[in-house]
Amino acid sequence: MGKVIGLTGGIGTGKSTVSNLLEVHGFKIVDADVASREAVEKDSEGLQQVKQVFGDKAVDQNGEMDRKYIGEIVFNDAKKRKELNQIIHPIVREIMNEQKEQYLSEGYNVIMDIPLLFENNLQDTVDETWLVYASESIQVERLMERNDLSQEEAKARVYSQISIDKKRRMADHVIDNRGTLLELKQNVEQLLMDEGYIQQAAYNQDEE
């Protein structure tokens with residue numbers, strides 16, 4: 001039976017990059033963001049529930065969820081954010097559990113890529129938790145650049161989650177992503193060596 005690892009971070013910490021690196025090393029990825037999109041895809045029951053709560057503007061002209069409209073509401077309104085989560089989370093859990101069980105039955109180690117793992121108290125659903133870490137100032141900077149947000153908007157999104165430093169204290173292992181991509185790759189591979197998933201890191205092999 002494979003191991004189930006909860007991979008989390010904060011907005012802009014680089015969790016998706018780490019997830020891709022882990023996939024290269026043979027882990028199977030179950031992505032909460034992908035499952036969240038499936039949960040409210042066009043003509044789904046989930047999207048109908050979102051429309052009932054947030055109104056007709058929640059659905060765009062193509063019949064898909066208007067993520068920008070919903071995002072602007074929930075990032076600034078904790079009550080609405082909770083309502084959205086109550087709709088989406090049960091559907092997402094069902095999708096993710098199905099994928100996880102399939103991969104485990106095939107003998108793989110599974111990464112549960114869950115941005116809000118600690119916020120939703122899901123640490124007991126995995127064998128251990130790995131956190132991708134970057135400081136809050138780096139999070140804000142990356143988010144401004146990536147999503148073309150003002151500093152105020154970026155801070156609001158970062159502060160809508162548990163602080164990255166508190167998550168750091170809660171995680172079983174921390175992957176530091178305050179440096180370059182090469183340094184991140186080295187940090188990931190060092191953790192995989194320390195935990196016995198790989199014998200030797202690829203970057204060491206490249207240097208020989």
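From the backbone N, Cα and C atoms, a Cβ is placed for every residue, glycine too.
Predicted automatically and left uncurated, TrEMBL annotations should be read as such.
Pulled from TrEMBL:
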BINDING   GLY12, THR13, GLY14, LYS15, SER16, THR17  ATP binding site
Cβ-Cβ neighbours of LYS15 (ATP binding site) (radius 10 Å):
25
Neighbour count first, Cβ atoms within 10 Å, every protein chain included; then name which of THR13, SER16, THR17 tops the list of binding-site residues.
THR13
Taking the mean position of the Cβ atoms of GLY12, THR13, GLY14, LYS15, SER16, THR17 as the ATP site, which residues outside that list, in the same chain, have a Cβ no more than 8 Å away, listed in sequence order?
GLY9, VAL18, VAL132, ALA134, ASN177
For GLY14 (ATP binding site), the nonlocal same-chain Cβ neighbours (under 8 Å, six or more residues apart) come out as VAL132, ALA134, ARG142, ASN177, LEU184
Sequence-ordered list of residues in the chain of GLY12 (ATP binding site) that lie 6 or more positions away and have a Cβ within less than 8 Å of its Cβ, or none, is ALA134, ILE138, GLN139, VAL140, GLU141, ARG142, LEU143, ARG146, ALA154, VAL158
